Amino acid sequence: MVDPAPEHPYPDGHRPDEAPAPHALLEPVLGLLGSWYGRGEGGYPTLTGDFGYAQELTFSHDGRPFLRYEARAWLLDADDAPLRPSARECGWWRLQPDGRVEALITQPTGIAEIMVGRATGNTIDLSTHEVALAPTAKKVNATRRRYTLTDDDTLTFHHDLEAVGQPMQHHLSARLRRRG
């Protein structure tokens, strides 16, 4: 018989005031820790029209100088009822001593991005440094993302996209509220 797995000895922290203590380099992004949920709107010239979606973001840490990041989204119908999953991604945000943020983000659709940017005040701006594509992934050239804490419990998200022959332009935006 297999013994049950022991409790993980190094749980992630989801709030600045819970163990493990956040690494000092995380100071500029501590406000992101936790889970966020909200709704947004999106569109792109290669899609059949604009759409509404719901989104959940989670940021946590294990005491080292990076954040674990996960995002899930699903499309909503005209009555705000869930239609189907639409996007999912996960990765790591690495904070540097000079204030830079390096984000490694992967999607199950075969897209992996390395993004670089800065955390300035309540805003984190990230832009593509490199994109790696699986052989069957859609062509993505670059993205830009902005995360802004408008208050302790509200996070806005904006995402621009250059893909499938289209120039860089608005793709997604959402307003999220802190959960719990």
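If you go along the chain as it appears here, the first residue is 1 and each next one adds 1.
Cβ from N, Cα, C; glycine included.
Residue ranges 34-40, 41-47, 55-61, 104-110 are listed, and Swiss-Prot annotates 34-40 among them as motif 'GXWXGXG'.
Of all Cβ atoms in the shown protein chains, 19 besides its own fall within 10 Å of the Cβ of H171 (heme b binding site).
Each residue in the compositional bias 'Basic and acidic residues' (1-20) gets a DSSP state, and the totals come to 0 helix, 1 strand, 19 coil.
Distant neighbours of the region 'Disordered' (1-21): 30, 33-35, 58-63, 68; these residues of the same chain sit at least 6 beyond its ends, with a Cβ under 8 Å from one of its Cβ atoms. According to DSSP, H171 (heme b binding site) sits within a strand segment. Summarised as a single figure, the pLDDT of the motif 'GXWXGXG' (34-40) averages 98. Residue counts for the motif 'GXWXGXG' (34-40) by DSSP state, with H, G and I taken as helix and E and B as strand, are 0 helix, 7 strand, 0 coil.
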